[in-house]
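Feature annotations, courtesy of Swiss-Prot:
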BINDING   Ile31, Gly32, Glu33, Gly34, Thr35, Tyr36, Gly37, Gln38, Val39, Lys54  ATP binding site
COMPBIAS  445-454  compositional bias 'Low complexity'
DOMAIN    25-325  domain 'Protein kinase'
MOD_RES   Thr35  phosphothreonine
MOD_RES   Tyr36  phosphotyrosine
MOD_RES   Thr198  phosphothreonine
Amino acid sequence: MAVAAPGQLNLDESPSWGSRSVDCFEKLEQIGEGTYGQVYMARETETQEIVALKKIRMDNEREGFPITAIREIKILKKLHHQNVIQLKEIVTSPGPERDEQGKPIHGNKYKGSIYMVFEYMDHDLTGLADRPGMRFTVPQIKCYMKQLLTGLHYCHINQVLHRDIKGSNLLIDNEGNLKLADFGLARSFSNDHNGNLTNRVITLWYRPPELLLGSTKYGPAVDMWSVGCIFAELLNGKPILPGKNEPEQLSKIFDVCGTPDESNWPGVTKMPWYNNFKPPRQLKRRVKEYFKHFDRLALDLLEKMLTLDPAQRISAQDALDAEYFWSDPLPCDPKSLPKYESSHEFQTKKKRQQMRQADEAAKRQKTQHPQPHGRLPPIQQTGQPHPQIRPGQPMNNPHAPMAAGPGHHYAKPRGPGGSSRYPQGGNQGGGYPNRGGQGGGGSYGNAPYPQQGRGPPPPYPGSGMAGTGGPRGGVGGGYGGGSNYPQQGGPYGPSGPGRGSNYPQQGGSRNQQQYGNWQ
C-alpha cells in the first residue's frame, strides 16, 4: 500500500469498490439514523466479520449522488490512521430494496441503494457516557483525549478539517481504541485560508465563536474549540455550553469566556455579525471560576482550547505536549480499559423514548380507568381489633413495610518544535442529550439571526444543523452525520506529535480523582 508523506494525502490507494452487493452482508441491528439514511451493524456472510453499514439516502437527491457522501468517501479513502475510522468498501443493492411484504421501499422500483462499509466500533462516546452509573476515571479521560488529539492532528497535517466533532462522532471499541468518524462535513483546506468556507457547520453546542460571528475564512482552530468542549464535558459530566439557538450559544460562550474585543481578539469587530451580538456590557473571562473544581493542569489546557481568538487557540500537536498528559495519573493503556455492552447514542435514545412512552401509556391507562374509591371501614369499638390489621402491626401504619433496594501505546517521540498557535493570517475574518442548564443569555436583543455567509440557514429555529432535530445534531451514531448541507468546495508513521508513550507500567499507581459526577 502506498504511503502518504506528512502534509499529503494518499492518492495511490484505489480499490475496486462497488463491485460487491449488499447481499454479502446480513443486517443485525440498526445503530444509527440521520438525514443521510440508516446505519446497521451487519455480518459478512462469508467471513463472519462484524461491520457497520451506512446506507446513503438517494430518494431526495435530484442531481445524483449526494455531495456530502462524495466528499466523505474521497477523504476517507486517503486517510489511514489508527484513530480515524476505516472505510472498508462501497457496496450496492442492484435493485429496489423491499419491505417485509416484498414491496419496493422506494417509489422508483428501479432505484437501488449504496452502502458505505466501515469497521464496526462497539460504542460512541455519547452512548458510553449515557450508560447508567458510568464513571470515567482520570486516566481513562486522558487516554480518550490523547487518542482524539492524535487522530485530529493527523487530519490537520493532511489539510483536512473535520467540522463536526462531538461525542456521537467519536467511536470507541472494546479494546479502548477511539476513532474519529463521520466525515460528511469534512473538507480539505489550504494553509493560506484564502477560500470562503461555510460557517453553517459544527453542531451548535460545539461550534466556535468565529463561526457564530459569521466567519467564512477559518482553519484547524475550529476543530480545537470543539475538542475543548468535549474535554470539559468529560471532566464536568455534562455539556458546558448547551445553547438552544445561535444567539443563546454566543451568550453562553461570552458568559464563560468573556466578551471579545480588539484587545483580546484583534479584528473581531470586523466580523460580519459582531454588531448584531455585541453584549450590552463587558463580561470578564471566567473559565477558571466556572471550572475551579478541575485539576490545575486540566484547567490550564482547557483555557488554551477555549481561547476566543482562533489565532491564539492551541493546536492539536501542542495540546498533546501539554503537561496534563505527562503528570500523574498518566493516561492508561487503552487495552486496560473495561469492556462494556454495546452503547450507541441511537440505542440509548431509543431506550429512553420507549421508557417515556411506557410511562405515558401507564398514566393514560390510570386516567381512563381510575380505581374505585373503597368505603371507609366501620367504626370499631374500643379494644376491638381492626379487621385490616395483622397482629403485631402498628395501628398508625397499616401497610406492611417494603424492602428498600441497593443502590495502544503510541510510542511517539517528542514532536518537532513549533508555535503553539495557529498563524495569524486567515483567522481574523474569521447530543449528548441536554443534561445541562436551560439556556440563559437573552441579552442580545430581539433581532433575527443574520443570514449572511455561505450555506443555508437551519430550517428550524434553535436547531444546530439542518434536519438534525436539536443542537446535538440528531442521532447519527458516529458513522454518519446529522446534516446534509451542501458544502463549498500515507499512513501515519511512528513519528508524530507528543513526547512518546506515557502510559504507566504494570504495577504503577493509578490515582483515582473525581470531577463533578465523574470519577
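Residue numbers in this text run from 1 along the chain shown.
Positions of Cβ are set from backbone N, Cα and C atoms, glycine also.
On the structure: features taken from Swiss-Prot.
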{"residue": "Ile31", "record": "ATP binding site", "CB count, 10 Å": "30"}
{"residue": "Glu33", "record": "ATP binding site", "CB count, 10 Å": "20"}
{"residue": "Tyr36", "record": "phosphotyrosine", "CB count, 10 Å": "27"}
{"residue": "Gly37", "record": "ATP binding site", "CB count, 10 Å": "22"}
{"residue": "Val39", "record": "ATP binding site", "CB count, 10 Å": "28"}
{"residue": "Thr198", "record": "phosphothreonine", "CB count, 10 Å": "18"}
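In this structure the C-alpha atoms belonging to Tyr36 (phosphotyrosine) and Thr198 (phosphothreonine) are separated by 19 Å.
Across the structure, Glu33 (ATP binding site) and Thr198 (phosphothreonine) place their CA atoms 24 angstrom apart. Rounded to a whole value, the Cα-Cα separation of Val39 (ATP binding site) and Thr198 (phosphothreonine) is 27 Å.
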